[in-house]
Amino acid sequence: MNAALLVILFFLGLCIWLGLQARKGKEMNMEQWSVGGRGFGSLLMFFLLAGEMFTTYTFLGASGGAYRSGMPPALYAFNCFYFVIAYWLLPPVWKYAKENKVLSQSDFYEKKYNSQALGILVAIISVVAVIPYLVMQLKGLGIIVSEASYGSISPHMAIVVAVIAVTIYVTVSGMHGAAWTAIIKDILILAVMVFMGFYFPFHYYGGIGPMFEAIDTAKTGFLLFPEQGLSISWFVSATIMTALAFYMFPHMMAGIFSAKSGKSLRINAGIMPIYQVIIVFSLIIGFSGVLQVPDLNGPDTDLALFKMAKLSFDPWFVGVIGAAGAMAALIPSSLVLTAVSTILSKNIYKAWKPNTTDQELAKLAKRFVPVIALVTLFFTFNGGESILTLYLMSYSFMVQLFPALFFSLWKRNPVTVQGAFAGMIVGSIIVIYSTITEMSLATLFPSFPNVIKDLDLGLAVLIINIAVTLGVSVVTKKSAARVDDDTTISNLV
Amino acid sequence: MKKVVFLLTLIPALGSLFVINRVEPYVLGLPFVLFWAICWVGLTSMFLIIANKLDPANKEEEEL
């Protein structure tokens, strides 16, 4: 037991305690549990959505990416395109959700398209997409805690303890727990990141400018986008893909639904970019490691931040960093768990047994929490993928839900239920196939120019998805018009 | 007007990097491409807040 470990345990305890406190004075019905009673104002929303943004990916992935490949992943980590999408997309989604008492992201599709089957398909795709996301968080957490404890806790042990902790407070407090712990976590991460972001360059290089100049001299081109591979066309396409997928995640949708008004979402979209500044510090930390701890390879590059911290600080402060990192994994995981359990009970179980009461559903949703946690544990211990692979896999799945949502917000929705089905299924199948076979546009079309080869596959699949969605819709719309009179079409699907 | 502000927010995501992909000159110690991206973090925020001020949807909600 060392100082670092004690600090981490203290913060873990604080998280659980806060999570348990958050439920006081509230009757935990389904709406309170899954979307916080839809009463979160701008400020709490800000912390909540930010809590979902800053995950282990930001903490380890951004610094590790900068360390490993220089500028391209660094800039990718703090693109603001999310919020531009958020500004326009979220208020209408929120409005519809409020008017129609929508609780989960699959509800949204189910009600918009008036098709329970579509709701179920969306639910299944989300659950599948969310598993790699959770696995990514847990893997990151395992690395963080085991590093911060100087190896006295194995990653597996850390993951198991974290899963138990998160299961407890999600079960008890749902969305409320996450919102309040998110605030603590954000303050801690901000303090730690800003401090290290200034300390490392000044301590080791005599300033931020001298640091970048030293890197540029030592590794020419490291601070630029290369001609191929992680080129500008990769950057643009991956940026668009992740931004479109970002708000499709069930936990992001649940976050949106817990807003008080469309205006609080718009303000939120406006102030969120400022939050991205934290990532700049994460990048500087990563860059500072390039010449100081140059021997990390492969997946170990994600450890750049911790190697630097351990090189420079006392164990207790490494513990504080570890605690911040652990929370960066715990909060998003708890939000994801809440959202997925809601979906499983409300959209899948209820479809199977329609006369389940809301109280039973609320209980059931809580029982799904440990089940999903266990499934995730299984995959965490049995899969060998890197954090970035998991991240892109999860996003490529999620983005397949975008076309049906986007078109459904039009005044006259050009997409039919069949179209939405076809698009999602075709998109998801291609994503699964390409993930298994490690296909990319470069392996498919080796002779194409780099501008095309480097495009993100998720975005390419999205375009196919849109084409299929619209194509099938045009065909089915004609036949739907023919049988419109006896309205059998809505009964058929 | 709202649309103009919106289009401005697309500059950093779409294509400006083809021109900006350079290390020199350093601004505040940051390579230019990094400085440019950080600038857009602030500018995106500003443009979205302006767009929000101009947005007629806010008035509609208050009336509801």
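Backbone N, Cα and C define each Cβ position, glycine as well.
Long-range contacts of the transmembrane segment (A:6-22) within its own chain (CB-CB distance under 8 A, at least 6 residues past either end) are made by residues 145, 148-149, 161-162, 165, 168-170, 172-173, 176-181, 184-185, 188, 316, 319-320, 322-323, 326-327, 330, 334. Look at TrEMBL and you will find A:6-22 (among others) tagged as transmembrane segment.
Sequence annotations record features per position, and here TrEMBL assigns transmembrane segment to A:43-62 (among others).
Proximity of distant same-chain residues to the transmembrane segment (A:74-94), defined by a Cβ-Cβ separation under 8 Å and at least 6 residues beyond the stretch ends, is recorded for 53, 57-58, 61-62, 65-66, 108, 235, 238-240, 242-244, 246-247, 253, 256-257, 259, 261-263, 265-266, 268-270, 272-273, 276, 279-280, 282-283, 286-287, 405-406, 409. As annotated by TrEMBL, transmembrane segment applies to A:74-94 (among others).
The transmembrane segment feature in TrEMBL is assigned to A:115-136 (among others).
Positions annotated as transmembrane segment by TrEMBL: A:156-175 (among others).
Feature annotation from TrEMBL assigns transmembrane segment to A:187-205 (among others).
Feature annotation from TrEMBL assigns transmembrane segment to A:270-291 (among others). Cβ atoms under 8 Å from those of the transmembrane segment (A:270-291) belong to residues 46, 49-50, 53-54, 58-59, 62-67, 74, 77-78, 80, 82-83, 86-87, 189-190, 193-194, 196-198, 200-201, 204-205, 208, 211-212, 214-215, 218-219, 222, 304-305, 307-308 of the same chain, restricted to positions at least 6 beyond its ends.
Here TrEMBL flags A:316-344 (among others) as transmembrane segment.
Residues annotated as transmembrane segment in TrEMBL: A:364-381 (among others). Tertiary neighbourhood of the transmembrane segment (A:364-381): same-chain residues 30, 33-34, 127, 131-132, 134-135, 138-139, 142, 156, 159-160, 163, 166-167, 170-171, 337-338, 340-342, 344-346, 349, 356, selected by CB-CB distance under 8 Å and a gap of 6+ residues from either end.
Annotated transmembrane segment per TrEMBL: A:387-409 (among others), in sequence order. Distant neighbours of the transmembrane segment (A:387-409): 56-57, 60-61, 64-65, 89, 92-93, 96, 105, 108-109, 112-113, 118, 122, 125-126, 128-130, 132-133, 135-136, 139-140, 241-242, 244-246, 248-249, 299, 302, 415, 419-420, 423-424, 427-428, 431, 434-435, 456-459, 461-462, 465-466, 469; these residues of the same chain sit at least 6 beyond its ends, with a Cβ under 8 Å from one of its Cβ atoms.
Taken from TrEMBL, the feature transmembrane segment covers A:421-445 (among others).
Annotation source TrEMBL lists transmembrane segment at A:457-475 (among others). Counting residues 6+ beyond its ends, the transmembrane segment (A:457-475) has Cβ neighbours under 8 Å at 237-238, 240-241, 244-245, 392, 395-396, 399-400, 402-404, 407, 414-416, 418-424, 426-427, 430-431, 434, 439-441 in the same chain.
Here the transmembrane segment (A:316-344) has long-range neighbours at 2-8, 10-12, 15, 19, 30, 33-34, 48, 51-52, 54-56, 58-60, 103-106, 123, 126-127, 130, 133-134, 137-138, 140-141, 144-145, 147-150, 158, 162, 165-167, 169-170, 174-175, 177-178, 181-182, 184-185, 188-189, 192-193, 196, 249-251, 253-255, 305-306, 309-310, 365-366, 368-369, 372-373, meaning same-chain residues at least 6 beyond its ends whose C-beta is under 8 angstroms from one of its own.
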